[in-house]
2 protein chains.
Amino acid sequence: MKAVESEFNKILNRVLEEVKPTEEEEKQVMEVVEDVISILKQELTQKAGVEEISLEGSFAKGTWIRGKEEADIFAQFNPRVDRETMASLTIKAGKTAVEKLGGFARLRYAEHPYVEGIVKNIQLNIVPCYRLDKGWKTAVDRTPHHTKFVKSNLTKEQRDQVRLLKALLQASNLYGAEIRVGGFSGYVTELMIVKYKTLENLLKHATTWKPPVVMEITSTNVDRVQIIRKFPNSPLIIPDPVDENRNAASAVTLQKLSEFILLAKLFIEEPSSRFFHRSEGHHPVVGSRNILGVFFEIRESKPPDILWGELLHSLNGVTKALEVAGFKVWRYDAWSDEKTVFMLFELEELELPGFYLHKGPEVFRETALGFVHKHVKDERTIAGPWVSGNRIYVLKKRTLTKVDEVLKQALQRSSVSLSHGLKRYVTEGAVIIAGYSNVISFADEHGLRSFVEGFLCGRPSYIDALKHMP
Amino acid sequence: MKAVESEFNKILNRVLEEVKPTEEEEKQVMEVVEDVISILKQELTQKAGVEEISLEGSFAKGTWIRGKEEADIFAQFNPRVDRETMASLTIKAGKTAVEKLGGFARLRYAEHPYVEGIVKNIQLNIVPCYRLDKGWKTAVDRTPHHTKFVKSNLTKEQRDQVRLLKALLQASNLYGAEIRVGGFSGYVTELMIVKYKTLENLLKHATTWKPPVVMEITSTNVDRVQIIRKFPNSPLIIPDPVDENRNAASAVTLQKLSEFILLAKLFIEEPSSRFFHRSEGHHPVVGSRNILGVFFEIRESKPPDILWGELLHSLNGVTKALEVAGFKVWRYDAWSDEKTVFMLFELEELELPGFYLHKGPEVFRETALGFVHKHVKDERTIAGPWVSGNRIYVLKKRTLTKVDEVLKQALQRSSVSLSHGLKRYVTEGAVIIAGYSNVISFADEHGLRSFVEGFLCGRPSYIDALKHMP
């Protein structure tokens with residue numbers, strides 16, 4: 001420890017006061033957890049195959065942050081127990097425990113079922129898994145090993161560094177491995193602090209990163225080329241110290257890794273507590289913004305990761321369809337409460353010119369004559385065919401020029417690549433709204449003004465704050 | 001010869017009647033030529049160093065076509081004579097000859113001076129050159145060898161095939177090596193018939209060409225790769241049989257070679273005499289065509305090849321400047337009577353959107369932070385900066401959006417690449433006219449309607465005819 005506290009650490013210590021739970025808060029959670037574990041032990045350990053009831057996750061690791069009072073309790077089964085038995089035993093016991101403590105329980109599914117309960121404002125996830133050291137049978141079988149690894153590799157001070165990192169990522173919308181975010185999971189933040197010891201050191205290193213970034217946690221003698229070959233298409237590769245065949249950071253998108261690099265550069269350049277707070281109140285430049293909105297309802301309930309996977313795919317599909325028609329799509333984003341969806345696109349123009357240039361084959365291709373004959377007498381040919389360089393061109397008339405008409409026709413013709421799970425909601429039910437003021441009116445009617453304004457500003461929180469600084 | 005005349009030959013024979021001079025016409029030219037040569041011999045052969053007076057060019061070779069009554073008469077000097085003496089002797093004698101025969105003479109310059117005279121409606125070019133077999137001192141020293149080569153390698157029937165080829169190229173605006181055209185010279189048409197014997201055979205081969213095209217006239221065992229390396233950037237390479245280090249077809253542009261290939265395909269597909277006639281009377285589709293006109297005067301006299309070289313360069317320069325500003329230029333062309341110039345451009349739009357997407361650096365570049373700081377507080381920033389993929393973007397406001405304003409500003413700022421010889425005429429004097437109806441009014445005032453209509457149709461003659469066929 002340095003004798004004189006650095007400016008950087010002064011800022012972090014102030015922030016830590018906001019994000020680190022107090023001993024009192026910790027005690028409150030711990031009491032509930034102990035009660036749950038005690039009931040689960042009574043309910044389960046007599047049963048054949050239940051080997052341990054354990055506390056896992058960020059609470060176990062001492063890396064959770066205030067406002068996220070949540071504990072994961074795992075029932076670890078002998079691998080010979082079949083899945084159905086394991087699930088039904090845990091569900092029954094979990095419900096019993098939550099209800100005995102006066103809470104409310106419901107069944108949830110990630111890869112397999114678990115019980116989510118709220119007891120005294122604390123969220124409890126009661127999850128069954130197999131007790132295994134390798135040859136995992138379910139995705140959560142690794143969790144107890146993750147907990148163990150992090151606990152034995154992070155000092156008390158480093159746990160606080162994890163908390164600061166999590167708070168920083170949350171404020172910047174980079175936290176969370178869910179598809180909607182595509183960011184950094186809690187485990188990845190812990191591994192990064194295991195590797196770099198402090199937030200400052202991590203950020204300093206991040207300013208020099210260039211994707212793909214390879215981060216080996218336990219060894220330093222890494223064959224970068226081989227690891228990249230093993231995890232192709234991963235912008236961030238952190239081999240899981242608990243299972244080297246898995247990239248612990250596989251959820252992180254190039255987008256989010258790049259944002260983290262830029263955030264690190266801005267932070268290191270001028271450390272400030274502002275990076276830990278979301279900028280509020282967007283003041284977008286409006287005027288003749290060329291905005292297209294697509295709104296639809298989803299008449300079924302889907303797990304969020306499924307829905308957001310479909311949404312991102314469909315956003316891309318609409319963008320591609322607009323581009324094929326001749327529009328330039330500059331930006332897009334989607335909002336959803338998992339019942340309705342609002343997609344926004346900003347385009348260069350909402351109406352295309354009446355004519356377009358159609359590029360034909362090179363004169364020496366077999367198709368050259370066919371192209372000339374096809375177009376020379378066509379009613380929609382405005383000029384040409386002519387030769388430029390070695391290629392034939394023709395100027396053609398457009399039938400539809402307005403973006404909403406173009407999109408409606410493309411949807412009717414099924415020429416928009418939509419994910420199967422959303423297709424009928426979009427094709428049959430989408431409201432298509434072109435133009436800035438129409439989109440604003442629609443957003444106001446549906447309480448979506450804030451999403452639209454954030455979109456129009458088009459700045460992540462860590463950049464938006466810069467704009468409003470003196 | 002086939003017993004039954006082919007459809008192809010029937011057409012050619014009909015066309016030949018139009019384009020081949022009669023014996024009477026030939027006799028008229030010959031009489032004048034003989035008189036001129038006779039006078040030149042009297043005037044020049046006593047003088048030291050004049051070794052021969054010869055008839056050259058298409059008349060000598062029997063490949064000229066009707067309507068082009070023109071004869072080249074060369075005074076061939078001993079190489080020891082200096083250039084000035086050679087020029088002054090030829091000019092004096094040439095003028096004397098033309099005037100003695102009641103004609104009108106004037107001095108012209110190609111690479112060096114010569115006399116152009118009109119006698120009895122026949123154009124005479126009286127040209128001095130050195131009599132050399134190699135190691136040419138002036139560009140025209142090769143000409144007597146070209147004449148000799150063609151005369152000894154073309155039969156009477158083949159000379160008629162050359163006439164047909166020339167007529168075909170003329171009708172299609174592909175004839176002539178001058179920069180304005182960038183097409184096939186008379187000598188190149190002759191060499192192509194030496195190679196392929198008949199027009200039909202040449203066209204059949206041309207349908208299979210893919211640039212670069214290598215055509216060896218005398219040998220058949222050609223090292224294509226080596227020749228292409230010797231004449232890089234030449235789409236058509238015909239090593240001159242009189243001087244293997246020269247590409248006889250160096251003037252032919254990719255554009256014109258490609259047009260010839262397409263013309264050949266259309267002709268072979270459906271042979272017709274229409275290919276020998278220019279299509280007349282354009283009926284362009286008008287409507288909201290996005291046309292930009294640039295008109296200026298040239299207050300000096302320049303040789304046409306110089307002027308057209310400068311014009312083509314400047315057309316390109318204006319196009320590039322418009323593209324840099326964000327416009328899409330689909331087509332352009334220029335007209336000139338060598339005193340005034342009218343450039344036409346057809347664009348996707350005459351007015352750009354008020355905003356544009358500005359692509360910044362990738363986040364891991366050193367310039368990333370500078371880009372963010374520069375744009376985040378800039379008044380013209382409409383949205384962003386944001387990260388997409390691994391790159392930073394920002395949406396900016398345009399100051400000028402109208403094409404005429406943009407071009408005027410670019411000219412003022414000297415950011416348009418204009419040829420030096422035209423720069424001040426364009427920068428100080430150009431009239432810039434945006435919009436279809438404004439351009440039409442301007443064209444009508446200046447008698448340029450036909451050029452504008454041809455431009456709007458945008459079809460070469462050999463394709464335009466197709467449009468009006470049943």
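The first residue you see is number 1, and the count goes up from there.
Any Cβ shown, glycine's included, is placed from N, Cα and C.
Note: TrEMBL annotation is automatic and uncurated.
Note: the domain 'DZF' (A:10-92) comprises 47 helix, 15 strand, 21 coil (DSSP; helix = H, G, I, strand = E, B). Residues annotated as domain 'DZF' in TrEMBL: A:10-92.
Per TrEMBL, the feature ATP binding site maps to A:SER58, A:LYS61, A:HIS146, A:LYS166, A:TYR175. All protein chains considered, the CB of A:SER58 (ATP binding site) has 23 other CB atoms within 10 Å.
Marked as CTP binding site by TrEMBL: A:SER58, A:LYS61, A:HIS146, A:LYS166, A:TYR175. Just so you know, the Cβ of A:LYS61 (ATP binding site) picks up 21 other Cβ atoms within 10 Å once every protein chain is counted.
Here TrEMBL flags A:GLU70, A:ASP72 as Mg(2+) binding site.
The domain 'tRNA nucleotidyltransferase substrate binding' annotation in TrEMBL covers A:160-277.
Annotation comment: TrEMBL describes A:302-434 as domain 'CCA-adding enzyme C-terminal'. Note: the domain 'CCA-adding enzyme C-terminal' (A:302-434) comprises 48 helix, 45 strand, 40 coil (DSSP; helix = H, G, I, strand = E, B).
The record assigns A:SER58, A:LYS61, A:HIS146, A:LYS166, A:TYR175 to the CTP binding site, and the maximum Cα to Cα distance across that set is 18 Å.
In terms of Cα distance, the binding-site residues that sit within 10 Å of A:ASP72 (Mg(2+) binding site) are A:SER58, chosen from A:SER58, A:LYS61, A:HIS146, A:LYS166, A:TYR175. Taking each Cβ in turn and tallying the other Cβ atoms within 10 Å, the top scorer among the binding-site residues A:GLU70, A:ASP72 is A:ASP72.
Following the DSSP three-state reduction, the secondary structure of A:HIS146 (ATP binding site) is helix. Rounded to a whole value, the Cα-Cα separation of A:LYS166 (ATP binding site) and A:GLU70 (Mg(2+) binding site) is 15 Å.
In the three-state DSSP classification, A:TYR175 (ATP binding site) falls within a strand.
Helix, strand and coil content of the domain 'tRNA nucleotidyltransferase substrate binding' (A:160-277), in residues and according to DSSP, is 58 helix, 13 strand, 47 coil. Among the binding-site residues A:SER58, A:LYS61, A:HIS146, the ones whose Cα sits within 10 Å of the Cα of A:GLU70 (Mg(2+) binding site) are A:SER58.
Neighbour density for A:LYS166 (ATP binding site): within 10 A of its CB lie 23 other CB atoms from the protein chains shown.
Spatially close to A:TYR175 (ATP binding site) yet at least six residues away along the chain are A:LYS166, A:LEU169, A:VAL181, A:GLY183, A:PHE184, A:THR189, judged by Cβ distances under 8 angstroms.
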